[in-house]
Amino acid sequence: MDGSLPPDATSRSRPRPVGAVGCAGIVADGRPVRRVPRIGRGDCFVRPYKEHAAPASPRGHHVRKGPDVASPPTPASPARLVVLVSGSGTNLQALLDAIGDDPEGYGARIVAVGADRFGTGGAERAERAGIPTFVCRVKDHATRAEWDEALAAEVAAHRPDLVVSAGFMKIVGPAFLAAFGGRTVNTHPALLPSFPGAHGVRDALAYGVKVTGCTVHFVDDGVDTGPIIAQGVVEVTEEDTPEGEAALHERIKEVERSLLVEAVGRIARDGYRIEGRKVHLGHVGE
């Protein structure tokens, strides 16, 4: 595997139209994955890529009526990641570092970084790393639905196998989920299903929990309600008061970064399957 960006991954890549897929992911051997109408209703099987010759006519996706979206990676190539950010990009940096430390072994590479506003630290990190960036602002579109469609199109132009929401503070809608549902990963600073939403750390402290943590999960049409991929636990100490929320949040972020790097790498290398609400990581179907 070659961890470097291919020649066509930057300015020469052509935007691809956004379609609707029932279940999309990383498929190596040409066998179709089983289509599901929505995460949590039925089974989703996603196979890892393998080091063998690709079939003559790969059929990685079941596609509903509409144009195709991103195709799965070729067996010899790492998974393509598009990372979405809203802030400083520390989770993005953790991914960049993991890929840089082992570009061949990690199993994935970042092909683009998108932001919901200009001037984010995350986009600056990407640019310093030579990764293409784009900005898709809600206020530049007449409706939230139009923004959602535009975001889906921007992401689809980079043909990702997996989308990583790394501190992206916008809720995606039907158009985005039609294209990337079942393969968009998000992080949350609490142990879901407890304390979903924008104030997970504050809400956990207010409730008086003794432990909290972070969750890596797939995105669905709810707020922090998608199937859970991995969780990490952080102890709440006597010094953790509502006034000291930031200190607890920083400890959670440290665990979150490691958890995200591990989860994305395993998904890319080994594949996964979703059965009901349960996510299985590992060599699917072997």
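Each residue, glycine too, has its Cβ placed from N, Cα and C.
All annotation found in TrEMBL is predicted automatically rather than curated by experts.
Feature list (source: TrEMBL):
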REGION    1-22  region 'Disordered'
REGION    53-75  region 'Disordered'
DOMAIN    80-264  domain 'Formyl transferase N-terminal'
BINDING   G89, T90, N91  N(1)-(5-phospho-beta-D-ribosyl)glycinamide binding site
BINDING   R144, M169, K170, I171, V172, N186  (6R)-10-formyltetrahydrofolate binding site
ACT_SITE  H188  active site, proton donor
SITE      D224  site 'Raises pKa of active site His'
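Recorded features from TrEMBL, shown on the structure.
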residue: G89; record: N(1)-(5-phospho-beta-D-ribosyl)glycinamide binding site; CB count, 10 Å: 23
residue: T90; record: N(1)-(5-phospho-beta-D-ribosyl)glycinamide binding site; CB count, 10 Å: 17
residue: N91; record: N(1)-(5-phospho-beta-D-ribosyl)glycinamide binding site; CB count, 10 Å: 25
residue: R144; record: (6R)-10-formyltetrahydrofolate binding site; CB count, 10 Å: 12
residue: M169; record: (6R)-10-formyltetrahydrofolate binding site; CB count, 10 Å: 12
residue: K170; record: (6R)-10-formyltetrahydrofolate binding site; CB count, 10 Å: 19
residue: I171; record: (6R)-10-formyltetrahydrofolate binding site; CB count, 10 Å: 15
residue: V172; record: (6R)-10-formyltetrahydrofolate binding site; CB count, 10 Å: 24
residue: H188; record: active site, proton donor; CB count, 10 Å: 24
residue: D224; record: site 'Raises pKa of active site His'; CB count, 10 Å: 22
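The C-beta environment of N186 ((6R)-10-formyltetrahydrofolate binding site), restricted to residues of the same chain at least 6 apart in sequence and closer than 8 Å, consists of S165, F168, V216, H217, F218, V219, D224, G226. Each residue contributes its Cα atom, and for I171 ((6R)-10-formyltetrahydrofolate binding site) and T90 (N(1)-(5-phospho-beta-D-ribosyl)glycinamide binding site) those atoms are 20 Å apart.
Residue pair T90 (N(1)-(5-phospho-beta-D-ribosyl)glycinamide binding site) / the residue listed as 'active site, proton donor' shows a Cα separation of 14 Å. What surrounds the N(1)-(5-phospho-beta-D-ribosyl)glycinamide site, by Cβ distance within 8 Å of the Cβ centroid and not counting G89, T90, N91, is the set V85, G87, S88, L92, Q93, A94, G121, G122, R125, A166, G167, R257 from the same chain. Note: the CA-CA distance between M169 ((6R)-10-formyltetrahydrofolate binding site) and G89 (N(1)-(5-phospho-beta-D-ribosyl)glycinamide binding site) rounds to 12 Å. Across the residues of the domain 'Formyl transferase N-terminal' (80-264), the predicted structure has a mean pLDDT of 98. N91 (N(1)-(5-phospho-beta-D-ribosyl)glycinamide binding site) has H188 as its nearest neighbour among the recorded positions R144, K170, V172, H188, going by CA to CA distance. R144 ((6R)-10-formyltetrahydrofolate binding site) sits 23 Å from the residue listed as 'active site, proton donor', counting Cα to Cα.
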